[in-house]
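First up is the structure itself, then whatever we jot down about it.
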Amino acid sequence: MDTTPLANGRNLLEVRGLTKIFGTLKACDQVDLTIAKGEIHALLGENGAGKSTLVKMLFGSLEPNAGEIQWNGQPVRITSPGVAKKLGIGMVFQHFSLFEALTAAENIALSLADDTPISTIAAKARALSYSYGLPLDPESLVGDLSVGERQRIEIIRCLLQTPDLIILDEPTSVLTPQEADKLFETLERLRAEGKSILYISHRLDEVRRLCDSATIMRHGKVVGHCNPRLETPSSLARMMVGTEVKNAERTTAAVRGEELLSICGMSRKPAGPFSMPLKNIRLNVAGGEVIGIAGVAGNGQGELFEAISGEALQDSADAIRIRGKSAGRMGISARRLLGAAFVPEERLGHGAAPRMRLSDNLLLSRHTTDGKAFVGMAGMVKSGAVQKAAQRIIEVMDVRKSAPDPEAAALSGGNLQKFIIGRELDRNPSVMVVNQPTWGVDAGAAARIRQALIELARNGSAVLVISQDLDELFEISDSIAVMHNGDLSKPIPIAEATLERIGLLMGGAEPGHLDHAKEVA
Amino acid sequence: MRIELVKRPERSQLFAAFSPFIALGLTLIAGAIMFTVLGKNPVEALYYYFIDPLREVWSLHELAVKAAPLILIAVGLSICFLSNNWNIGAEGQFIMGAIAGSILPVMFPEFQSWIVLPLMLLMGIAGGALYGAIPAYLKVRFNTNEILTSLMLVYVAQLFLDWMVRGPWRNPEGMNFPETRTFSPSAVLPEIWSASGRANWGFVFAIVTAVALWFMLSRTLRGFEVQVLGQSPRAGKFAGFSQSRMVFFAFLVAGGLAGLAGISEVSGAIGQLRPTISPGYGFAAIIVAFLGRLNPLGIIAAGLVLALSYLGGEAAQISIGVSDKVVRAFQGMLLFFVLACDTLILYRIRFVGSSAAKTVEATQNV
């Protein structure tokens, strides 16, 4: 570990003119970044701004085309993650790379690549986890752990290599407010020890609370360095997006319409060793309203989504009714024909086929509902009509892309999500079910998606939004229900919902669930 | 120096088009080395393999005879492979199609009418399709691995054919040779242009089928379904497509076409059932399918190339005296290089010089 005293004032990492070019796209263009010893440095930017590319170059997964990286004042070439680790750079990724069937300690041992016995690693991990206030049982199976606990494994794994610089990519996107607070304490302790942290986030409140300085990127370029504590959220957002970002405007629901989606006693056995059962879910969504479902990841939201969409069928036809029709035994296409539309959490590989063009991905969810427009005689696809519709959606949703009709995988996450949401909105569905509408989507695109969902509801559709982002749910929902352990609480009208109350339900505090249970009985 | 594979940000269109040609080139080089090691003149050997068979019209007819079953089977397999169903048992489906299609001419030789041939072809398709349905059912119902089941069923089919021609179906007037009676003229698939050579209507079937399946794959919703379910099953489910129905569809189509190839071969090229009716068409078709990039039009070209290797093998055996097993070695190398070259579509090769590696070492010690 580097023991140079802080007072020395030298910078830990200096990046000058770093450039990365993919084809014709400058993903990073002359990026400068300076991280001092013992600071938490925020890296802010929309999706596609070049944050991930920059971080990948710092961690050695990508090689820059030009520019210089100085580590402790010495020029270095970081050619692989191994080199980065040796230098003292550790990284905690947004999407964890853990084996669910192995224990925490085994997962850590895998990444260390030496012959230290597992028991030694477990002991070290245990000691380290307690000293940083991240309690973790190294013997537990990853599959049994919550997302917050899995993140702890990643952090401990990173800390075991005693890095001087820790890169965290969107670390709070999967945590409850209470878990996030704990993480912040840990990060502050690390800072006090003189370690530097590069904190990537789009949550401006967190950045203002936690970070000492910030670098803001837009379209591959650095557009500003600042002290986030001296800025307001809206001034930060303006720098990130380049224009004013509005919160979605939520007009109060007009008249509560008919119940368009009603779930009545939906249960589901766990599909695999690591999935949740659904326990007697009850929920009604009326036309004109947005209902949010909060909850920590892995509490049955994915299972609920599959059950509602018809990817998993119910035992009884009456378990779910769409526009008054019993749909429990219908597949997803039949449910779509009833007027329902679905947007799953995973964009690549579930909501869209990664290696197919956008127009093909339009056909993916609309070949039945728009059969007349898109499919002609003998099952021939009318590719002209499909492409025209795809271009219409691309324009309406302002999807940015590098080719006229690119493969889905070539789009940034935010732009693909705009396309997938637009694909469903374009149909004017009367029931819309969305899982994580803005996961990993930049502020501008997220605001646009949220506004679109509210408008859809105000025009008389029933909208159900499953999300882990509480700010988002508070912004758009008329009432919020909480999922915990496969159980869904009663929806709490937005006027009565507080962050604490929802947070407690997310953590499994019982009152909401008890009320609900009584009512059911 | 170290060689690294670096992932490309997007598929390379250039290498998608050229990788089969690179693979062909590498196969020729490796083949030349092989002949040199065998003590033959590599130029002469390659000439007999790949040029000599193209010099006469009758020989081109032979090329069509060999290419027809390869193309028919391979286009069916392309549907399987595109939809992620690894049907390795086309050889068995080919044999079963041949047996089912031969029921009429072998058991009812007196029944002679124009309708015999169409019926034979239909029964051949049905036989191959039903035999292909076995691994499909096992996969859907019991989640068995279709690679194993379809492959093992090949040996079942081969032994069944062997038993049939030695036992129940042996030609009563055939002096105890293990073969069935020769088909009556009404049961023989006619030649296209008999004045110049032996090529029969099987080749026409192959071309028509390839074009039809190309149209299906690239222009219809069913083709879209095949590709979505193959590329990303979960997105396919989200689209409302059924995985199990696709398993059956792919195996029935591939089995049916292999069966058609089988009965066409027996009725057109051979004229009776024998213990061995295929020089491994069902396996070589796997190479054809991949060499043709799983695109039915590409498969037509690839089928002709592989057919040439069979003809060349015979020519080389006669003229320079190499074993006919060399053909298998050639085909194996070709498949190996095709699959290897496909890597270049998604990855590019980077040579990391030793000087660069040293810089890294140096900087690490800072």
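Glycine is treated like the rest: Cβ placed from N, Cα and C.
Whatever TrEMBL says is automated annotation, not expert-curated.
Here is what TrEMBL records for this protein:
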type: TRANSMEM; residues: B:12-38; note: transmembrane segment
type: TRANSMEM; residues: B:58-81; note: transmembrane segment
type: TRANSMEM; residues: B:88-108; note: transmembrane segment
type: TRANSMEM; residues: B:114-134; note: transmembrane segment
type: TRANSMEM; residues: B:146-165; note: transmembrane segment
type: TRANSMEM; residues: B:199-217; note: transmembrane segment
type: TRANSMEM; residues: B:246-263; note: transmembrane segment
type: TRANSMEM; residues: B:283-308; note: transmembrane segment
type: TRANSMEM; residues: B:329-349; note: transmembrane segment
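Tallying C-beta pairs under 8 angstroms between the transmembrane segment (B:58-81) and each of B:12-38, B:88-108, B:114-134, B:246-263 places B:246-263 first. A Cβ distance under 8 Å defines the sequence-distant neighbours of the transmembrane segment (B:199-217), meaning residues of its chain 6+ beyond its ends; these are 60-62, 64-65, 67-69, 71-72, 75-76, 78-79, 82, 189-193, 223, 226-227, 257, 260-261, 264-265, 268-269, 295-297, 299-300, 303.
Scored by C-beta pairs under 8 angstroms, the transmembrane segment (B:114-134) has its highest count with B:246-263, from the stretches B:146-165, B:246-263, B:283-308. Long-range contacts of the transmembrane segment (B:283-308) within the same chain: residues 16, 20, 23-24, 49-50, 53-54, 63-64, 66-71, 73-75, 77-78, 81-82, 88, 90-91, 206-207, 209-211, 213-214, 217, 258, 331, 334-335, 338-339, 342, each at least 6 residues beyond the stretch ends and with a Cβ under 8 Å from a Cβ of the stretch.
Ranking B:12-38, B:88-108, B:329-349 by CB pairs under 8 A with the transmembrane segment (B:246-263) puts B:88-108 at the top. If one looks beyond the transmembrane segment (B:329-349) by at least 6 residues along the same chain, the residues whose Cβ comes under 8 Å of a Cβ in the stretch are 3-8, 11-12, 15-16, 19-20, 22-24, 26-27, 30-31, 34, 49, 284, 286-287, 290-291, 306, 309, 313. Sequence-distant contacts of the transmembrane segment (B:88-108), counting only residues of its own chain at least 6 positions beyond either end whose CB sits under 8 Å from a CB of the stretch, comprise 69, 73, 76-77, 116, 119-121, 123-132, 135, 146-147, 149-158, 160-161, 164, 169, 180-181, 183-184, 187, 254-256, 258-263, 265-267, 273, 277-278, 280-283, 285-286.
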